[in-house]
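*Asks:* Please read through the structure below; I'll follow up with questions.
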Amino acid sequence: MMDGIFLQQMINGLTLGSVYGLIAIGYTMVYGIIGMINFAHGDVYMVSCYLAAIGLAVLSYFGLESFPFLILGTLIFTIVVTAVYGLVIERVAYKPLRNSTRLAPLISAIGISLILQNYVQIAQGSRQQGVPTLLEGGWRFDFAKGFVQISFTKLFIIIAAFVGMAVLTYIIKYTKLGRMCRATQQDRKMASILGINTDRVISYVFIIGAAMAALAGVLVTMNYGTFDFYAGFIIGIKAFTAAVLGGIGSLPGAMLGGLILGVAESQFSGLVNSDYKDVFSFGLLVLILIFRPQGLLGRPLVTKV
Amino acid sequence: MATSTPIDFKKVAIDVVVAALMALIVFGPIVGVVLDGYSFNLQPSRVAWMVLAVMVGRGVLSVFLQTPRGAAMLHGLESGGAGVHVRQPDYKSRLRWIIPLLIVVALVFPVFASKYLLVVVIGGLIYVLLGLGLNIVVGLAGLLDLGYVAFYAIGAYGLALGYQYLGLGFWSAIPLAAIAAALAGCILGFPVLRMHGDYLAIVTLGFGEIIRLVLNNWLDFTGGPNGVPVPSPTFLGLEFGRRAKDGGVPIHEFFGFEYNANAKFIFLYAVLFLIVLLVLYVKHRLTRMPVGRAWEALREDEIACRAMGLNHVLVKLSAFTLGASTAGIAGVFFASYQGFVNPTSFTFFESALILAIVVLGGMGSTVGVVIAAFVLSTAPELLRSFADYRVLLFGMLMVLMMIWRPRGLIRVSRTGVALRKGVAP
């Protein structure tokens with residue numbers, strides 16, 4: 001049944017899914033390297049949405065009108081500031097807890113998540129914020145049953161997300177930093193014996209995760225236009241679902257999981273019921289964890305004494 | 001170490017400058033540039049104050065950590081500390097005087113209290129109940145449950161919807177809500193508890209959101225955001241209203257005393273107080289039974305416990321369902337004291353608040369949880385002017401507690417056992 005709605009939801013799903021994939025990278029890398037669920041990651045993404053809007057507002061105030069410069073300036077500004085957020089959060093809330101009890105970093109992360117939400121609410125007000133549409137127009141394909149519309153914004157999001165993921169894959173696979181990350185992920189103690197400054201590698205991982213979330217934040221802000229201080233919570237759980245779906249700790253898994261979750265959720269809301277799309281995603285998370293906790297591309301977790 | 005090294009002020013200066021730079025980048029855009037539609041307002045003075053505060057704080061911390069006391073504290077933070085503090089075998093706790101005293105105070109209290117005070121204290125007691133339940137799950141068994149509020153919602157909606165569709169009352173709802181919440185905990189927990197502990201946190205978080213979203217969206221059954229009315233409680237079939245509603249007898253007519261608008265709240269307070277005492281007693285006994293010891297052992301070292309032959313799934317499941325059923329009971333009280341339930345009472349923030357109670361009170365410490373529940377639930381009443389900053393303070397509290405005392409303010413302590421003479425060691 002290849003009708004218009006199905007194809008349209010497929011495109012919406014790919015757009016949404018590439019955003020989930022970008023955020024999921026932050027969860028999966030942090031989990032891979034220190035085995036901790038970074039609950040504050042969704043709120044780091046939320047902060048980046050605000051930063052993107054602020055960047056756009058300031059740049060257009062200074063008279064920058066052409067789309068490529070505007071978006072490039074906003075991207076650089078947002079990614080740099082959000083990366084500093086990632087670094088500072090790691091230093092303040094997680095690093096002192098490296099040798100603490102198992103629950104301590106999780107609870108600390110929930111604390112950071114509450115702090116970020118309330119801090120943005122106090123600083124920026126609790127009303128919804130928005131940005132103007134930057135990229136107008138799109139392609140429209142007519143069928144016998146309905147039509148499909150691909151806006152340039154959606155196309156830009158998918159392309160930008162894939163470029164971001166490709167750059168990250170290159171860094172992890174072929175650079176010295178990437179080798180250090182992979183070594184630390186495999187065996188933190190052994191890596192530090194071999195002369196890798198693992199504390200610094202952990203900081204880099206938080207920076208990379210935050211930068212990817214910032215890219216997602218800019219792209220989502222462009223597409224949907226509106227957001228509020230609570231936006232990070234739901235999308236955070238969904239990105240985590242994507243990371244678990246792909247196999248937590250695996251980088252290609254996060255991207256694949258994001259795309260699958262995005263498409264599944266869009267199809268569900270298009271074909272069944274859009275009120276329950278969040279319930280569907282969370283239900284999917286519970287089911288994956290019950291039946292295939294290692295995810296699609298992950299390895300089963302073995303606990304050693 | 002008697003020799004004190006001089007304070008390295010160059011290092012302090014570098015620390016302060018780096019912290020100031022970071023604070024400027026972090027606070028600058030979000031605090032300094034306030035979005036206003038598609039344009040913005042600049043507020044540089046707010047940023048300056050925050051950066052100044054960070055600089056001063058970092059400078060003081062940097063100097064302090066270089067003094068001998070600071071170095072000792074840093075070392076203490078990194079070592080983590082032991083789980084349970086063991087007292088001398090013949091130690092007698094002062095609590096054996098304090099507890100009867102508190103019970104007497106609690107019994108006399110409703111006679112003098114105003115309605116406002118009663119309502120605040122009932123709210124506090126509900127959080128005590130929730131804190132005690134979550135303390136079994138998080139504090140004793142070490143399972144992080146972030147969707148605890150879902151079981152609370154099951155209890156509250158159990159009474160509201162049970163009355164609407166099945167005609168259940170307050171008394172029948174208490175055990176049924178406990179069973180329903182325990183069943184939900186069992187169904188959710190059984191598959192998840194087999195896996196790595198962190199997954200439980202995220203699954204329960206998802207479950208909490210599912211329950212809230214279903215309550216919010218299923219308009220025909222739950223009334224959606226409009227909520228459901230809850231019947232007033234009755235005592236032996238006697239009602240607390242001024243006039244009986246459907247054929248019942250008001251309690252003041254039956255016993256022949258003056259009508260008292262507080263009667264419903266005094267009744268709720270009394271029943272809630274008895275239930276809190278019961279839960280306290282059950283928990284006190286459970287921690288001394290094999291299952292309670294197994295919870296704590298499993299929290300400390302799961303692999304060792306499994307090697308000793310403990311069935312880790314059943315042990316964890318018992319803690320999880322027990323915690324869930326306590327929340328179910330708390331939900332029934334919440335519903336009948338509000339007279340109305342809707343989904344906004346069961347957001348993630350509520351789960352985080354209950355978690356903050358357990359974390360602040362000390363993981364596994366009963367006294368600490370009772371105190372923390374009262375402090376955190378009545379603090380908003382006292383600090384109305386700080387209402388906007390409440391969540392911020394909770395967040396900071398959680399982070400600082402984890403850094404400073406990951407096991408809570410009040411240490412879990414247990415009286416040791418003396419070896420009897422003549423028994424081979």
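Glycine too: its Cβ is placed from the backbone N, Cα and C atoms.
According to TrEMBL, the feature transmembrane segment maps to B:12-35, B:47-65, B:95-113, B:119-141, B:148-166, B:172-192, B:199-219, B:265-282, B:317-340, B:352-375, B:387-404.
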*Asks:* Let me spell it out: take the transmembrane segment (B:12-35), skip the flanking residues so only those 6+ beyond its ends count, and list any with a Cβ under 8 Å from a Cβ in it.
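*Replies:* 41-44, 46-47, 50-51, 54-55, 57-59, 62-63, 66.
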*Asks:* Apart from its near flanks, which chain residues at least 6 from the ends of the transmembrane segment (B:172-192) lie with a Cβ under 8 angstroms of it?
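*Replies:* That would be 150-151, 154-155, 158-159, 162-163, 199-200, 203-204, 207, 275, 313, 316-317, 320-329, 331-332.
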*Asks:* Between B:95-113, B:119-141, B:148-166, B:317-340, who has the most Cβ pairs under 8 Å to the transmembrane segment (B:265-282)?
*Replies:* B:119-141
*Asks:* Does the transmembrane segment (B:352-375) make contact with the transmembrane segment (B:119-141) through 3 or more Cβ pairs under 8 Å, each pair 6 or more apart in sequence?
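*Replies:* Yes; at least 3 Cβ pairs under 8 Å.
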*Asks:* Report, as numbers and ranges, which residues of the same chain sit near the transmembrane segment (B:119-141): CB under 8 Å and 6 or more residues beyond its ends.
*Replies:* 109, 113, 148, 152, 265, 268-269, 272-273, 275-276, 279-280, 283, 286-287, 292, 295-296, 298-299, 315-316, 319-320, 322-327, 329-330, 333-334, 337, 353-355, 357-359, 361-366, 369-370, 372-374, 376-378, 381, 408
